[in-house]
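Heads up: the structure comes next, in structure tokens.
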Amino acid sequence: MPHLLHIDSSPRSDRSHTRGLTADFVQRWQVKHPNSTVTYRDIGQSPLPHVTEEWIAAAFTPPNERSQAMQDALRLSNELIDELLLADVIVAGIPFYNFGMPSGFKAYIDQIVRIGRTFLFNPDNTESPYTPLVHGKRMIAVISRGDGGYGPGGRNEKNNHLDPHLRTVFRFIGVNDLEIVAAENDEHGGAALVDSLDSARKELQRLATDIQPQRGDDSPDVKNRESTSRRTTSGVGNKVVSGCTRRNI
Ligand SMILES: Cc1cc2nc3c(=O)[nH]c(=O)nc-3n(C[C@H](O)[C@H](O)[C@H](O)COP(=O)(O)O)c2cc1C
């Protein structure tokens, strides 16, 4: 049974283009995969905390040496990582802010890119000290930008720091299969915006129909867990888990 993780990170609600586009993708995904389940996490309207000194100390302490306070500091991070590892497909709505990602999505990345959970570090291997621990995911990043021309060959291409950042950080943990679908021209409006939204929607419709989950429930991601917090929720980030027949957003 394929599992989809749906993340929205725009602080806007009805006016958000990324929210509209991810919702459209999920709806079509559910039609194509009627037995699928969906976890929804809204980090735009219910922001995640930034990592703290306690969090960093806990993350770099071996699991069996962590105090109760350290375990508490990592609880939400464990929940987010378990959620990511359970997913076959991840669709994330990400607004383009100041030439990169919004701080809310960066807070998410800082919570899930964690030594011993999503990557390993071996200083003795000087050629290749980092090993990704996430396998078999397909991810779609849905982006909306105010101006235009940030795509390949466009007048703003050199100012697009979001696409390369996303590719680098998700490849670092092992999410190599990343599709980026972008709408542009929110600030220009008119036909330029309508056309851009239309082509983004069409591309997402194609992906929702064509994309095939790469793995089943016996994958190493699901078996090798440091924590047992799967499917529990801290209430942070407004998480909802639903079967395909319900859309709880
Ligand atoms: C704080 C902030 C910074 C922004 N920075 C940029 C920018 O650097 N370049 C750009 O093209 N648009 C920028 N925009 C416009 C947004 O990318 C655009 O409104 C987009 O549609 C937001 O996504 P959403 O519709 O899902 O909320 C910015 C908007 C905000 C609120």
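Cβ coordinates come from backbone N, Cα and C, glycine included.
Unlike curated entries, TrEMBL annotations are predicted automatically.
Summarised as a single figure, the pLDDT of the domain 'Flavodoxin-like fold' (3-204) averages 98. Annotation comment: TrEMBL describes 3-204 as domain 'Flavodoxin-like fold'.
Taken from TrEMBL, the feature FMN binding site covers S10. DSSP assigns S10 (FMN binding site) to coil, not to a helix or a strand.
Annotation comment: TrEMBL describes 207-249 as region 'Disordered'.
Annotated compositional bias 'Basic and acidic residues' per TrEMBL: 215-229, in sequence order.
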S10 (FMN binding site) has how many other Cβ neighbours within 10 Å of its own Cβ?
25
